[in-house]
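The feature signal peptide is assigned by TrEMBL to 1-18. Summarising the annotation, TrEMBL assigns domain 'Plastocyanin-like' to 116-224, 476-584, 816-942, 998-1099.
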Amino acid sequence: MLAVLGLTVTVVVMKVTSKNSHGDEDGTIKMNHLESSMYETSGNFIYRDYFLRAEKVEWDYFPVGQNLADFNSEYINDTLVNKPDRVGSRYWKYVYKRYTDSSYVNEIPRDKSFGFVGPLIRAEVGDILRIHFRNDISIPASVHPHGVQYSKMNEGALYEDGTNGSSKMDEQVAPGESYTYSWKITAGYAPRDGDPNCIPFAYHSHVNPDLEVNAGLLGLLIICRQGVLDSKGQRSDVHREVVLYFDSIDEGDSWLTQENLYRCGDPNECQRLFESDDPDFMESLKKDSINGYMYGNMPGLSVCAGDLVALYLFSLSAELHPVNILGQTFIEHGHRKAVEGLWSATFRHVEMEARNVGRWLVQCMNSEHNRNGMKVYLTVEDCGKQISSQLNGKVREYFIMAETEEWNYAPSGVNAFQSNLPLILRNSDSEIYFTKNYKGKRLIGGKYFKSRFNQYSDVGFRTKTIRRPEESHLGLLGPVIRAEVGDTVRIHLKNRCPHDVSMYLQGVSLEITQNGVESKIEIDSVSHTKGNFVKPNLASTYLFYVPWSFAPGDNDPDCLTYIYHSNANLERDVSSGLIGPLLICKSGALDTVTGRQKFVDRELFLFFSSIDENMSWHIRSNIAMYVNSRVNTVNITDEDFIESNVMRSVNGRSYGNLEGLNMCRNDVAVWHIMSFGQTEGNHAVTFNGNNVNIDGINRDSHVIISGQALSLEMKPTNVGNWSVFCHNTYHFDAGMTALYHVNTCGDESYHFYHVTGNVRRYFIAAVEEKWDYSPRTIHPLDGSNYSHPSHHQYNRVQKDGKFIGSVYTKAVYREYTDATFKQQKSRSADEIHLGLLGPAIKANVGDTLLVTFRNDATRAYSIHPQGLLYNKRNEGMTYNDGQNDHAGNYIAPGSTFTYRWEVPSSSGPTSNGQNCINFMYHSAVDPVRDVYSGLIGPIVICRPGILDEHGKRTDSVEKEFSLLFMAFDENKSWYIQQNINENCPNATTSTPEFEESNKYDSINARIYNNLDGLIAKSGDNVAWYIMGLGENEDIHTVHFHGHTYTYRSGLTRDGDVIEVFPGTYETVEMFVTVPGTWLIHCHVGQHMKDGMVTTYTVTD
């Protein structure tokens, strides 16, 4: 036995047959008979013992008491300063601490940079982890792990799972009590071939998880290959491990909220503000932090230049966190990145070779979080290691001027995407953004002064470079900057704007003196701005380098897409328009004559963003010019005024007004997609007509969040005018839409249909029926009955006439036996789980689908298939595509139409992917209201030969489950007025409470474990087809308890949380081996609270 720093390692040769799950004081283990089969083995394995204690501590988010990151003081004064009506920066928290043994006397210290994050728990494949947990706080708590194998007695999660007695002791350890959890690290939970040597997962308390995570009960579990950990339990393959926990912590939703309110200068006033749900006060309780530190207050985060650093990045909140470290790049699964995306319950391992000596910001690129303090410093020290410059290429020179210009978000003045009607049409979705008079309020309209990057021919800045026709689509974006590995990029920047500007490039190396990012340095106790900025009417030169250590990764395309932007003030500069695309390419990838990428016929750059003109440097000038009024006569805090200036757009054009997205059939086209913005910035970029390929998967949609950029390859074969849009319904309605055009370019020898497989027929009708979101009203987490008037979910299920209740009239897709539509098909036991969803439409690659659709509803609907090949007649989506034959886009009530869709290889699995992948179908006469009304279903596409003639899989998959995670907003259903009339005709419907009562965070339109039919046998291989739809809040991180899944693209990875966004979908497979009833839920805390939770059962 080895005992080093509290890690007891016992090498065992034995057969486990013991009967009690509790560990004795000496650390020996005993297991109950339920676990003996799970752990029964013979041979060598290692027990690793960790002694954790839950404790109460005082925490300071702002320990230095100064903003060390920037010069923002307004938010600090409102959230981090203790006042009569503010808590300030110090809070009581519950945390996990680690001790040497079961006496819990000698704490094992951690790196101060960890903040309040719990200790790292490390193990190798083949180990058994024993977590000896002692609860020394005043509430029940537990330790629930992600990413490891456990039995029901070692899950550490409270919910109604059919267990009782001693089998529930793990779920909530009472104050003052102890419990030992035993987790096995099997080969099925190991890092895969494409993974790094170690992969991170979170652990956290799961009695009431949202309250406990906000209180601080969380940490990281690191699972490594055999032989990676040394005798001290430390990694031997990297120089440094860094833990970074990005979270928007809500201290107003913590077990300790009431205690912390007493820390106010006037506790009674804070209690009053809290109980009245005062928005400013509630905002002051939210802490956008990294490891619990804000505004550069994290101590001790340093590495040596040349170090190989393992970064463990994770989050558990509902927010989006695009993580960036200035001056550095990451490698993840063979992909080079400058920004790594995090959302609730995502755990990332990225590796970084530290370069560029200096003090660099670690930050969230969500501009709201950035402004609110989610940034700290990483210091790269010169420790004497030799680092080569790795530069052997060209010096690429660019002459760029920042200038102020007038910009029109919709030059045509009409909705060119859908109707060609004026954008100022009364009561239209576009009215608020383009009219100058809205509900009697004076607004700016669709024209704004903006700052832009323009390219010039030389350092004299006399001749502006005219954009070529193929660049006309760039719109608001600056010129494309390109470089190869080994190159130096020299940018001459001149500023003709009335504010400071700078130049910052993602994905490149730079010296700290070239850093064009606002940061702060203390000299003789005086704060100074540290950043290479250009004052108005001056110029400066920036040098950036592309060393080989910043090259595209092994699994990357030849060129990577990044963003460049001004960063004198990140949010204001980008909101003003100072942003552009950057391509970093492998050596030899750029043509020496044109400078563009070789073997690519068409490069297209799209910037999806909710551009907040309220944050622009020019907002006052825009009011003065376009409102024709003095600024002080306009209420800039009015909600309608603020909303009118948030312009959802593509390259700065809204409602189909972007021109120049042209290509020829069979071109090799690369779409370079970028985004930047605030919390609402989750954009599901969706292409109709032609699929794209990313990471070895064929898709028609992919998510991108603020600060990110990605490359999608398309080889268009489908001629026509097609839509590209954000599938987030809020953004879609607000104008984040465009059209792209695939032309024959002289090649007229084209035939649309290429039938090589079977013809599969489906008969589907849209029918109206009553749907109950909650047939049962027992809460699965705590067993309470939420039909009781005191329950916080009562309004969603009550039947007293004040609200609609849980039963709504909806339109749904249902399958029939034949074209007479007389006999609706009964759903089998394997289909019960579909709930509201329509039938699964299934085909092999090469097949043709003939779907006869009858509309038995009372308004026009359609069927639009994502991911399949169709012509304009069969698209099923209404928009302004210039075509005459729209027969399938609008099926009137009582009418029938037969859709014909092809399944080419570009719609199916790729060579290294799953045998089957999923898409979805939905009505798209009005893509927003039709979907909220209920018309959605799954599509499953398989390799040739996988599906038999009846649509059954012939491979190793025994069970298939399709799950839609969506917050159904019945206020946006076509039937809302009918549902009011039928259920609560005398209700007051204009209140926020009434509107909220009609929103259901659901799985297949069932809440709180009302979804039936998710049953498999131990030993089954299960395919899960996960889908997402909705708007800003529909970020769904789907967590499976009890088992991990396998995800295959170009690489194979395991996990227990998979993410979907509006309009996106994922396929994972799971080999189920551990009997029991297991939880499935969205890990976003509010969604779980509001019902997005169910269970699946594995039988013996």
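Just so you know, glycine gets a Cβ as well, placed from its N, Cα and C.
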Secondary structure tally of the domain 'Plastocyanin-like' (998-1099) (DSSP, helix then strand then coil): 5 helix, 55 strand, 42 coil
Three-state composition of the domain 'Plastocyanin-like' (816-942), taking helix and strand from DSSP: 17 helix, 42 strand, 68 coil
Residues in the domain 'Plastocyanin-like' (116-224) grouped by DSSP into helix, strand and remaining coil: 17 helix, 40 strand, 52 coil
Local confidence of the prediction over the domain 'Plastocyanin-like' (816-942), expressed as mean pLDDT: 97
